[in-house]
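Features as listed in TrEMBL:
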REPEAT    104-138  repeat 'PPR'
REPEAT    205-235  repeat 'PPR'
REPEAT    307-341  repeat 'PPR'
REPEAT    410-444  repeat 'PPR'
REPEAT    445-479  repeat 'PPR'
DOMAIN    624-716  domain 'DYW'
Amino acid sequence: MHRLGSLLSHKPLLTPLSPLYSLTSSSTFSYSPNSTEIFYDHLLKSCVGLSSLKQIHSALTTTSLITKSLHLGAQIVTKYAKFDDLNSGRLLFDNINVACEKPSSFLCNTMIRAYANAGQCFETLKLYSFMRRTDIFVNNYTYPFVFKVCALNLLVREGKVVHGDALKNGFGSVLYVEAALVDMYAKCGLFVDCHKIFDEMSMKDLVCWTAMITALEKAEKPEEALILFKKMQQEEGLLADSVAIVSVASAVGQLGDVKNAQSVHGYAVRKSLIEELCVGNSILAMHTKCGNMEKARLVFDMMVERDVISWNSMLSGYTQNGQASEALLLFEEMRDSDCEPSPVTALIMVSACAYLGSCHVGRKFHDFIIDSGMEINTNLSNALVDMYVKCGDLEKAVDLFNGIHPCERNASSWNVLISGYGMHGHGKEALGLFSRMQEEGVEPNHITFTSILSACSHAGLIDEGRKCFADMKRLSETLEIKHYACMVDMLGRAGFLQEAFDLIKEMPSPPSDGVWGALLLACKIHGNMELGEIAASNLLQLEPNHTGYYVLMSNIYAASNKWQEVGKLRQDMKNKGLKKPAAFSVIEYGKDILGFHTADQENPYRHEVYQKLESLAIEMKMAGYVPDLSCALHDVEEEDKEHMLNYHSEKLAVAFGILKIDPGMVIRVTKNLRVCNDCHSAFKFISHIYQRKIIVRDANRFHHFQGGTCSCKDYW
């Protein structure tokens, strides 16, 4: 990656403010106001409401001054636009034009600007067309606002026609016409045209540079945006204003560049730009995208003014950085503030509930959405389906999906439930839904195929998965790396390791860590050391500091009693400062979520839980349970291995559930890692002995234990 170095210069700003920044009038005429006009001009400038504006308008109409002074007429039109009464503004505009022999270019520009600023594309273009038809002088004040609405509505053809007009009329090289063109082509995604105009500009001000930087940032080309930003400072001596900082912060956030994030933040503080709400929000969002939640919270806490974007950025940052519990706490603070949660807030919080996997919290938040009267659109409905899937309540997820009107279901609606069926081991149902999706005329996308291949993998539906993959090729569907990863995972789990390896060798592009990781996991499941070493070698070249891959290969060696190799890998990890992720399981207990570490010595319930585990071990052995000692990955005596297995985090959580949760209720446990074979076997026995339903969500999928069996049918 190109090193960008320190982003921000400390030179003084050398350029005057751009006309586009300071453009408050759309006129080329001058006039000498008399005392009456000066009086009304001051009156209009101090006008703060629609009723007082209409009184002034009435007085000017009575005196006929409204048709004699274009300046005052334009002032009133502008004020009507400011007070969201464009109809009155247009009516005045039409009356003045009727009274005049020829409509004024100045007044037309004022009306065009009002329409453009209100985002009324059709009316703007219609008025521009009227000016061209009636030979009203179109000038350098007209074009920027026409280009603005073309940019907002992605009207490429119309924008190019107006660009041609500007060139024919000699305004193509006017600074702020060029700046508006750069902005329009950039927002329409035409970067060749955008760059051409920008590169050929004889003079570039801060606005032009910022428009180009923003365009690159919006197009998710952050490195190019930051390189151009440095060039702006070094070659032109220009410093960022608040508009530029917002774009630069977003580009830095896209890159996750912690060093330059500090630089941008420091600059915004030194120049007092961070006090502006838009800048504060952009700096906050930048830190969250860089994973620095402490810094983000510091910015958030110091903001004098916050809006819903500030709260949403912080909530989203916590959720995306694995701190969903902090998001829930902050949401309670938001409810106590004067800021109303928005539908975007709801989407973020539903995602946080899904991350936690807590049915109680998820239902509580769903109730909040309904009670608040918030509109539940398709996106929010999809998110709620996904939440219930990930909280283990598949029935509720299906009910919600069925409650979405067929006309409102989009591809994401189907994808969420197909994926949900797969996560819960219902591969046949996923395939059925996939067929139904196509019957209802919804086109599958790349996510659909990933979900259906994953569902086939989890359910062991090898032939169906192969057919789906072949159909993708037949339909000329773009095969992405993630689709190959799903196929390797599916074939590998089923024991077709050589076929999985051959598929990797046939890939048109270099395999990703996800592809090799799927093969390595399969090698661990089936104890294939030879292929495992090949997969691990490739993985450690791609991701040399990923602890999970060291652990998987270590497990393969341990299962084959190659303790010397295990020792070497552990020493490599130690030398690199890498640590195996600690196993951690949580269980829902009433309104609370309680956590357990493996061999937990800190949990307040540890004594009674340990006692329960000892009695459970006896009861399970009497029912035929035999500990799977291969899951104890240490070179110790068998008795010690059995003791170690007994205190896995998920066993501690389930034992707590047997002790504390009412017999008629489901025991729900979430583990951060894959559940081990021994715990999986133990939970089947426990579900039979105690006639309890136990749902365990691990890093890969859900396991529903009931009556001595698991929904995965021992295939995971």
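Placed from the backbone N, Cα and C atoms, the Cβ positions cover glycine too.
Counting residues of the repeat 'PPR' (104-138) by DSSP class, helix then strand then coil, yields 26 helix, 0 strand, 9 coil. Taken through DSSP, the domain 'DYW' (624-716) splits into 36 helix, 16 strand, 41 coil.
Residues of the repeat 'PPR' (445-479) grouped by DSSP class, helix first, strand second and coil last, total 27 helix, 0 strand, 8 coil. Per-residue confidence over the repeat 'PPR' (205-235) averages 89 (mean pLDDT, predicted model). Break the repeat 'PPR' (307-341) down by DSSP state and the numbers are 26 helix, 0 strand, 9 coil.
The repeat 'PPR' (205-235): residue composition by secondary structure is 27 helix, 0 strand, 4 coil, according to DSSP.
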